[in-house]
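Copied over from TrEMBL, here are the features:
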COMPBIAS  1-10  compositional bias 'Basic and acidic residues'
COMPBIAS  12-26  compositional bias 'Low complexity'
REGION    1-26  region 'Disordered'
TRANSMEM  51-79  transmembrane segment
TRANSMEM  91-109  transmembrane segment
TRANSMEM  115-136  transmembrane segment
TRANSMEM  166-189  transmembrane segment
TRANSMEM  209-231  transmembrane segment
TRANSMEM  243-262  transmembrane segment
TRANSMEM  355-376  transmembrane segment
TRANSMEM  405-425  transmembrane segment
TRANSMEM  437-458  transmembrane segment
TRANSMEM  478-501  transmembrane segment
TRANSMEM  559-578  transmembrane segment
Amino acid sequence: MEMERRDFKGENNANANTNANTNANAMPSEDVTVDWRGRPSNAVSHGGMRAAAFVLGLQAFEIMAIAAVGNNLITYLINEMHFSLSKSANIVTNFVGTVFLLALFGGFLSDSYLGSFWTMLIFGFVELSGFILLSVQAHVPQLKPPQCNMLESDGNECVEAKGLKALIFFVALYLVALGSGCVKPNMIAHGADQFSPQSPTQSKTHSTYFNAAYLAFSIGELIALTLLVWIQTHSGMDVGFGVSAAVMALGLISLVAGIFYYRNKPPQGPIFTPILQVFVAALLKRKQVCPSNPHMLHGSQTSNDKVGLSSHSANLIPTQKFRFLNKACIKNQDEAAKESPWRLCTPNQVEQVKILVSVVPIFACTIVFNTILAQLQTFSVQQGSLMNTQLTKSFHIPPASLQSIPYIMLIIIVPLYDTLFVPFARKFTGHTSGISPLKRIGFGLFLSAFSMVSAAIMEKKRRDSAVNLNQTISIFWITPQFLIFGLSEMFTAVGLIEFFYNQSIKGMQAFLTAMTYCSYSFGFYLSSLLVSMANKITSSSSNGGWLHDNNLNKDRLDLFYWLLAALSFLNFLNYLFWSKWFAEHPSVSQKPQHNDNPHHGEDYHIYNFNSSKNNVDDYVP
């Protein structure tokens, strides 16, 4: 098994390496992919939607397992672990934030050492072990505090989980976080890797894949927020956690079942070295002056580029964006012929670093968006628990299932978007995805502000009815904020993933995809910070702040939602500036693309980041 694993990673299979090197030298524009044994893949037997379907299966099952836990976790923390409302909300947001932050670690391991398949398989089992441990703790009374009703006693007589009980819980919770964080970016990247960007037909299918991935996500979320949350509510959290473990096991089975059909991109070695080389070289040559003609820089004088660029980067010359980094390409004429890669870099390598720097503002503009998502998984669930959840005489809607509302809508809208809107828009824009990912992100950010406006208006109505009229309004009053945000997420989340994957440098697809999940992480951490700051700033001697009490009827959640609505609108204006800057200042200078290029547009660039591993003087004409 170990030998198969090493071959799969493309490290010990001599034939695979020979063929891969031959292919890379003969056709530098092609991605080198291998099958499960490390042999070069072929278009007939490997890749395509058939292979991607197995990855979509893992994605649906994985999100189903973790969503059932994460979306109802605040109820478990309050009712069984006896944490306060604000502390429980922060535990949830910190947990979800950690999941997405660890996506960077998973992307790094995949691109550098393990490859997407092995990263998903190994950390999939780590996530599974966390679900099992959560189920065991929830089932054994000795591992939980004594039972107590937090609402009836106002939490004063309830014992909060501490010591070994808290330790077991947090170990289990963060095993899930580690596993899920490392699996998530590789599901998207590995599925997208099944489509060759050089094929116009597969490129269109590639765009469909991103929508299909979000559809699989929506299906998994819907089942988690209805069936699995219902099981948690009626059979106990121990059974609910156990079901999540079983569902995760099904996801791993789906992943392994497709092993014979995958196109696998071998790991490329440490992916940060070429990035550091550019900054070090530019810093060492900071006092030198760049030539006025960029063609005079090292590696720009020839049209026969030997560094393995993609077909989209032929005749690459350094751009004026972040011109300081161009100094890394200045060849020192006073020294010997050979210079260290830490002192002299190729224009291709410099432009790759510029791409990474350029996407940071776009990434930052989605943080506030994900802060809003955090509210729908914490405070909005608590809102629902204080409303009339009765649907029929015998059936009550679990508050955590409120989050299923947008996914019911999205399961219908996403296929219609891909089959009707995208082909229609493509006729006018010429873009493979119908509209560019940048425009898609912007429209989603614009909608997100109205989600918080709706939430603030509804919370004011709910609180006034409860406090002034002693009435409990129907839980369906809360649905607009979920519907608006669901539509917003369809545009922003899918657009962001497609945007980052299209920017990806060869060998960094998983890591660049992981950056999109990092936005979720920072958004959830920002939510925790805003809650604490709002309480501190609005507190007084007689008032503990907007979100101080465990009872929303005493808190001012509506004012907090108005704050988020204002921040969201300002964030949208900020995004308009940076998206315009990104479109007007491309990170590359190259020959115009032919119109039949399926990815032509303002936000598609792809380059090989591993050319720097060769001796830089091999590139001197």
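From the backbone N, Cα and C atoms, a Cβ is placed for every residue, glycine too.
Whatever TrEMBL says is automated annotation, not expert-curated.
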Assess whether the transmembrane segment (405-425) lies in contact with the transmembrane segment (209-231), where contact requires at least three Cβ pairs under 8 Å among residues 6 or more apart in sequence.
yes
The transmembrane segment (166-189) in contact with the transmembrane segment (51-79), cutoff 8 A, at least 3 CB pairs, sep 6+:
yes
What stretch in 51-79, 209-231, 243-262, 559-578 has the biggest tally of Cβ pairs under 8 Å against the transmembrane segment (478-501)?
209-231
Hey, which bits of the same chain come close to the transmembrane segment (91-109), Cβ under 8 Å, at least six residues off its ends?
66, 70, 73-74, 77, 83, 119, 123, 173-174, 176-178, 180-186, 189, 271-272, 374, 377-378, 508, 510-515, 517-525, 527-528
Contacting positions for the transmembrane segment (51-79) when only residues 6+ beyond its ends and CB under 8 Å are counted:
85, 87-89, 91-92, 95-96, 99, 120, 124, 127, 131, 134, 138, 150, 176, 180, 183-184, 187-188, 190-192, 194-195, 209, 212-213, 216-217, 219-221, 223-225, 228-229, 232, 237, 240-241, 243-245, 247-248, 250-252, 254-255, 257-258, 261-263, 377-378, 381-382, 385, 398-400, 403, 550
